[in-house]
Structure formats: C-alpha cells, structure tokens
Amino acid sequence: MNPPTTSDSAQTQSRKADHIRICLEEDVQFRDTTNGLERYRFTHSCLPEIDRNDIDLSATFLGKKLNAPLLISSMTGGTEEAGIINQRLAGLAQHYKLAMGVGSQRVAVEKPQVADTFAIRKYAPDVLLFANVGAVQLNYKYGLDECLRIIDMLEADALILHINPLQECIQPRGDVNFRGLLDKINQLCSKLPVPAIAKEVGNGISGAMAEKLIAAGVQAIDVAGAGGTSWAKVEGERAENAMQRRLGRTFADWGMPTAECITSVRAIAPHIPLIASGGLRDGLDVAKAIALGADIAGLAMPFLQAAVESEAALQDLTEVLIAEITTVLFCTGNANLDQLKHSGSLQRLQ
C-alpha cells in the first residue's frame, strides 16, 4: 500500500471529529423507519416461578464469556476527544465484562501517531475487543498487512469489516468501488488470525447477503439495521455541495429495520454468531433482539452520549440496561438468555 498523503490523513481525521459533533448536536436519527422491534410484544408471566436475584444474563460470543449480552458498538477514534471516549468506554467494558468495538482504524493506518486513541487493551485486558476497518478499503490498496496492523493496534479478538455503500455515496470523496469485494473478503478471511465480523452501519444486512458473506469466510454478522442513527443524514450534514445534501435527505430513511434483519439472517444461518444493532435504545429492545435470535446486542448512541458526559453517566446507563434486561427475563419467567430465546414468549403483533 502506498503511504497516504498528509491531505488524506487530515481529511480522515477531520471526518472523525465531524461525526462525533454531528451525532451529538444534530438530529440525525431515522425519521420514519424504526428498528421494527415495536411490532413485537412479550407475553407477561404473572407468576414467574423464579427468583429475580438468580437470573443469569451471561452470554458467550466468539468463545469469550460476557457478563451481559451487550456490545459497546463501534463509534470513534483518531482524535484527542475520541481517545478519551474510547478510554472511558474500555474501562466500562472491563468493569462490567461487556464486548466493545472501536470506530474505523483507517485514520491510524494513514496517521500512525493517532494509533494511541485506539490502543485500549491496557484499559480492558479481559474484554472481547473488535478492531474495525471498512471492507471497501480492500479495493483501495488495503490488504492483509494493513489488517494485521489494525488488529495488533488493538490486540483485538476479532476484526469488523464494516460495509457501508450508502454512506460512501454521500460522503465527500467516498470510496464507491465495491466491485469484486466479496472475493477479496474471502481471500482476507482465509489468512486472518482472528475471526472476521461483517457489519453494516445502519442500513442492515439481509439473509441473502449474510449467506454470501458467510460463504466468503465471515464468522459472525452484525446486522446494524435501520432505526437508529442515519449515516445518510450524518454525511448530508457534512456535505460540501447541494447534490450530496439532497442525497442525504432522500436516503435518510433507507434500510432494513433491525428486527427484520435478525429474522432474515437467522432463517438462513441458524448457528452463525449474530449481533443485533441499529436503533436499540434500552434493555427491552435488547431482550426483544435476543428473543428474535441475536446472541448479543450492540448500542452506540446511548453509550456515546453518556461517555461525553462522565464515567458515572456510563455506569448509570449500564446499570439501567442490565436492570431492564433482567426485568424482561423475570416477567417472562426465564432464568437465562437461552431460556428466553426458546421460550416463545415474544409475539409479533397483528
């Protein structure tokens, strides 16, 4: 890979700062498209026949045990502010034994001096950590060597390959050559020392797409469905011209709802490790996603908002999420997550 120019590095770093600011200050949530989970309701058990204090929320993902089925979803890195956010999130993940992913590490490949903003293993020695790079970069001179650097930077347990065609269409100078990418993913997965996770960024992965990705060697799927933060709107806010701003508005609600993605992927891949993310905002959403077939659930915006406030705000959020998930299990008469998945207690509303 040729060294990136100073201009390329500066643009990538500026984009990272813009993303944090826009997500926190502007209305960039989906407007009409929801995560789809409101179409489901749990059957209440008035006599659970279990002790709430005995409920077990532990989950195992990619061979590592978590104390709760929560992933602090990929968000940021590459700036001083992002480094502080990642450090706080890593400390939280370590304290509660949650999984965590970081934002795209492309900026640290282009500008190695910001790699420390991603180097969070020292704050989370026991945590399931996911490194992250855009899959499309495999068509832009990234290969195994760059991916190994990204993994080593984080001492990661897995590598997220995020797939974001719509975002790239609207992003200034976006990388839009997706031709032949599946073959390159296949070649990369066959050589990686850790599992690869395919992840969308808020527009969803269908069962048909998941089937192709799994055949290419991907070992886990994060559906990252619609209903939360719209990256079309985010990039529209950053847009440099009227065309891009128009695209951001037109495609603000583009994508498959998260609930639909979960059921679609599970129908074709009953055993693939599956992450539900995309518009999950509380423990009830998490429990519904798991009952639909996900193994763990990822949240980004709630953790980002708390992280910029304080470590105490992060702990308060996590305690509430855990209490909400526990309450769902208690009020459906399920002592653990496996029972919840197989209980049939989640019903689709007519």
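Using the three backbone atoms N, Cα and C, a Cβ is placed for every residue, glycine included.
Since the structure is predicted, the reported quantities are computational estimates derived from the model, not experimental observations.
Just one of Asn53, Asn132, Asn177, Asn334 is listed by Swiss-Prot for the same FMN site as Ser73, Ser74, Met75, Thr76, Ser104, Lys199, Thr229, Gly279, Leu280, Arg281, Ala300, Met301, and that one is Asn132. Taking CA atoms as the reference points, Gln167 (substrate binding site) and Lys199 (FMN binding site) are 13 Å apart.
Spatial neighbours are here defined as Cα atoms within 10 angstroms of one another, and by that definition Met75 (FMN binding site) has no neighbours among the binding-site residues Arg15, Arg106, Glu168. Put simply, of the binding-site residues Arg15, Lys16, Ser104, Glu168, the one whose Cα is nearest the Cα of Lys199 (FMN binding site) is Ser104. Put plainly, the binding-site residues Met75, Met301 were compared by Cβ crowding within 10 Å, and the winner is Met75.
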